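Colleague: Below are the features I grabbed from Swiss-Prot:
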type    : residues                                       : note
TRANSIT : 1-27                                           : transit peptide
BINDING : G197, D198, R199, Q200, T201, G202, K203, T204 : ATP binding site
SITE    : S398                                           : site 'Required for activity'
Amino acid sequence: MLRQAGTRLLKVPVCGLRPSITLKRGYAEKAAPTEVPSILEERIRGAYNQAQMMESGRVLSIGDGIARISGLSNVQAEELVEFSSGIKGMALNLEADTVGCVLFGNDRLVREGEVVKRTRHIVDVPVGEALLGRVVDALGNPIDGKGPIKTTERRRVQLKAPGILPRTSVCEPMQTGLKAIDSMVPIGRGQRELIIGDRQTGKTAIALDTILNHKRWNNSSDESKKLYCVYVAVGQKRSTVAQLVQKLEENDSLKYSIIVAATASESAPLQYLAPFSGCAMGEWFRDNGKHGLVVYDDLSKQAVAYRQMSLLLRRPPGREAYPGDVFYLHSRLLERAAKMSPKHGGGSLTALPVIETQGGDVSAYIPTNVISITDGQIFLESELFFKGIRPAINVGLSVSRVGSAAQVKAMKQVAGQIKLFLAQYREVASFAQFGSDLDAGTRATLDRGLRLTELLKQPQYSPLAVEEQVPLIYCGVKGYLDKIPVDRVVEFEHKFIPYLRSSGAEIMEAIRKEGVLSKTTEDSLKAVIKEFLSSF
């Protein structure tokens, strides 16, 4: 046996064997006793020729989920390595004499001096439709007790984002089912829209309602309308993930969803890896001409996990002790969301990253980084949430930079001025509390603003189709709710939608099929609204 620079070469001694006999024999014939030594010699020589070199190293130090290894001189960045205890790790720091490796398991099972061997595989995960309806960990292993995942296709978690030429501009709407978002902050397929806010302001609720809203299209046979969803839970409680899975099952939405869970009890490397794994699973749909949605909930916990790993690997810290490449961490992840051109399959991958702020501070390091990478943000405020305005969207700070090109034309017709009007209303309302003597115009702005705010409220788990949203917003914008008391606006909505389904089915059908509020459809809608208000 030879050993040099961490390389182990196994040699099988060939001794005591007689020279081979060059006698041709058919495979069907029985071997003669004199031929047995030559057959054995050939097989032993063949086994020696097929013997491979196995590169191994030894653990120098272990602690805090980080192992320093010597001997793996040819290991690749982000390659999987396997410890003799069965634990797997990923090589991150490639130094002159040692390799810094993060562990995907309990570091108490690893000992100093333990043998580590290369796998010659960069970290990858299973992909494909077989994962739909399953809950997996950051390495793609099932954790839902439903047995192994039957797929042979695998994909690297770290892949280069599509270039400029394969992409096309965002042009198809991605409906969330929430009136406030679909009207004022529209999202298109292939867009990156950030959901940002303090804890307990309804960030996950928006993402979950978006997944539930697509049941109406995923139950149809039209593949171009379907949206396959990947929900990545990073650093969340296991009970929260279990509730989310249960809610998806109750609403028959788990069948087109994949849950990637790296909960708070998982190690930092798994929390760092989970968003990349979820992205790789979503990319499979994008690259096969389908449409995918990935929710990263949330990226601030991924950044904290990456900071922990980097500091333990002794990488130099920067602002807020994050490493210098934390911007690149998120940009390389979010750039993989794209709308592909028809020449490249026409698929899309939409990203909804979530960032948790501290005390509403959007000027912190990670929030500003992700705001600059994404195509817009939905900003949620604790103050609005506790006032009962849910979803608690701050209209002034929320924006969609590319989604307006993908917005349904009927929605654009009725909701074109609603964002500006609500921003003016909030400004006037802040001054109105100091003075009681208001002119008629200001009073009208306040009254209509109150009703529009009430109209845009929406309970959780009740997404609306666009053909139901358009008539409701039309009522608010055109002043049909001005005579209705503010506390009866919600009652109006609950009664108007069923009435519209029965008496205005052709109006809803026209909006759904044409996507435009034509003159004829608008006249019919006015008649239905007036008829309903006469008996309300």
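Using the three backbone atoms N, Cα and C, a Cβ is placed for every residue, glycine included.
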Colleague: Do you know which of the recorded positions T201, T204, S398 has the most other C-beta atoms within 10 angstroms of its C-beta?
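Modeller: Ranked by Cβ atoms within 10 Å, first place goes to T201.
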Colleague: In this structure, which of the binding-site residues G197, G202 has the fewest other Cβ atoms within 10 Å of its Cβ?
Modeller: G202
Colleague: If you count the other Cβ atoms within 10 Å of each Cβ, which of the binding-site residues D198, R199, Q200, K203 comes out on top?
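Modeller: Top count of Cβ atoms within 10 Å goes to K203.
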Colleague: What does the structure give for the C-alpha distance between Q200 (ATP binding site) and S398 (site 'Required for activity')? Integer Å is fine.
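Modeller: One finds 18 Å between the Cα atoms of these residues.
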Colleague: Please report the DSSP secondary structure of T201 (ATP binding site), reduced to three states.
Modeller: coil
Colleague: Compute the mean position of the Cβ atoms of G197, D198, R199, Q200, T201, G202, K203, T204, which form the recorded ATP site, and then list in sequence order the other residues of that chain whose Cβ is within 8 Å of it.
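Modeller: Apart from G197, D198, R199, Q200, T201, G202, K203, T204, the close residues are E356, L380, S382, F385.
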Colleague: Measure from the Cα of S398 (site 'Required for activity') to the Cα of every one of the binding-site residues G197, D198, R199, T201, then give the nearest.
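Modeller: Of the binding-site residues G197, D198, R199, T201, G197 has its Cα closest to that of S398 (site 'Required for activity').
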